[in-house]
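> The structure is given below, and queries will be raised subsequently.
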Amino acid sequence: MAMIEVGFERQNFYPLKRKSALLLKLIAVVFAVLLFCEFLIYYLAIFQCNWPEVKTTAYDGEQASHEPVLKAMFLADTHLLGEFLGHWLDKLRREWQMERALQTALWLLQPEVVFILGDVFDEGKWSTPEAWADDVERFQKMFRHPSHVQLKVVAGNHDIGFHYEMNTYKVERFEKVFSSERLFSWKGINFVMVNSVAMNGDGCGICSEAEAELIEVSHRLNCSREARGSRRCGPGPLLPVSAPVLLQHYPLYRRSDANCSGDDAAPPEERDIPFKENYDVLSREASQKLLWWLQPRLVLSGHTHSACEVHHGGRVPEFSVPSFSWRNRNNPSFIMGSITPTDYALSKCYLPREDVVLVIYCGAVGFLVVLTLSHLGLLASPFLSGLNLLRKRKTR
């Protein structure tokens, strides 16, 4: 009787052991795939990015001086979803992607300043005060940064509305969180941050105020270029003698993306579609005003969600920064800039592709199914199938 009980216990033990082994294998595979796709893949992608090299020696006559280099990151169109649009899973997935991408970039690349070129939120143009507060809280969690790293944000049409939707309340609400700063100088470099939604030129109150601010900035920049102590400039502190970098959401006027190229440019079928002024790009008049007032050496913009490089007047380069979110692009990226008071160099850093991550997950699911069926004996292994075929041939 005792022998029968021992045999019965052994008979139950082996299936239990097989099930435990299967469960451990499944957990190990799931953990490994999640670890790679949700954490390690960002390190693998961003580790390949390097700060571009820039000349750091400036010459004033025959004297040479060493210029400091500012390491700046430029990203655009994060479009954090609000309470109305987008499925909760869509919101969770895309916001996690952006959070991991930024936190990994901050840790690996150690930038000194991060600029976001508008459309931080997707529903800022109509969100309630409660929804706005929730969106801001999520943004601050996702885009947290060390105290020595500065974060600068310009307004986009999804943050404060298109021109016909924009009002003082929305603008002040945005500027209360992200500052109303128009001119930012660091390491001898001037950055001008423009509310391009307010550059409609129709004389609206917000537009007139924005233009007046830019005229004042233009005056200060001109004073920095003139001889020190000029009567026209007054006794106030002068800006560094450096042509500014213009940062805004809308691109300066261009007819279309027909001359844009690259993996992250607009799809070929969309490149020849004409742009609408004050909707897709700034108007000709507003663009000419900005170029005349500010005389920038470099322009960076967002809005189109795709990359493009154009030259205005044959001398002022503008780079449209692609969207940072998987929701707008399969291959998001950001721009890295090494900038000095007299020179700059830019390079692009690509984030993991969403389709690659999905393929890895699909492959993992297929592997788990095969592994489970194999353990349950419902799927013969290739080795056993080969042995059976050999036996059949020998018997013939």
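Glycine is treated like the rest: Cβ placed from N, Cα and C.
Note that the structure is a prediction, hence the values are computed from the model and not measured.
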> Looking at Swiss-Prot, which one out of HIS163, HIS249, HIS375 binds divalent metal cation 2 in the same site as ASP77, ASP119, HIS305?
HIS249
> For the divalent metal cation 1 site that Swiss-Prot assigns to ASP119, HIS249, HIS303, which of the candidates ASN157, ASN167, ASN190, ASN200 is also assigned?
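Record source Swiss-Prot; matching candidate: ASN157.
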> Counting distance between Cα atoms, which of the binding-site residues ASP77, HIS249, HIS305 is nearest ASN157 (divalent metal cation 1 binding site)?
HIS249
> How many other Cβ atoms are found within 10 Å of the Cβ atom of HIS303 (divalent metal cation 1 binding site), counting all protein chains shown?
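Excluding its own Cβ, the number within 10 Å is 25.
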> Give me the sequence-ordered set of same-chain residues, not including ASP119, ASN157, HIS249, HIS303, with a C-beta within 8 angstroms of the centroid of the divalent metal cation 1 site's C-beta atoms.
ALA76, ASP77, LEU117, GLY118, ALA155, GLY156, HIS158, ASP159, SER196, VAL197, TYR250, GLY302
> For HIS305 (divalent metal cation 2 binding site), write down the residues of its own chain that are at least 6 apart in sequence and whose Cβ falls under 8 Å from its Cβ; none is a fine answer.
ASP77, PRO322, SER323, ASN328, ARG329
> How big is the gap, in Å, between the Cα of HIS249 (divalent metal cation 2 binding site) and that of HIS303 (divalent metal cation 1 binding site), rounded to a whole number?
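Just about 6 Å between their Cα atoms.
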> List the other residues in this chain whose Cβ sits within 8 Å of the Cβ centroid of the divalent metal cation 2 site residues ASP77, ASP119, HIS249, HIS305, in sequence order.
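Leaving out the recorded residues gives ALA76, THR78, HIS79, LEU117, GLY118, GLY156, HIS158, GLY302, HIS303, THR304, SER323, ASN328.
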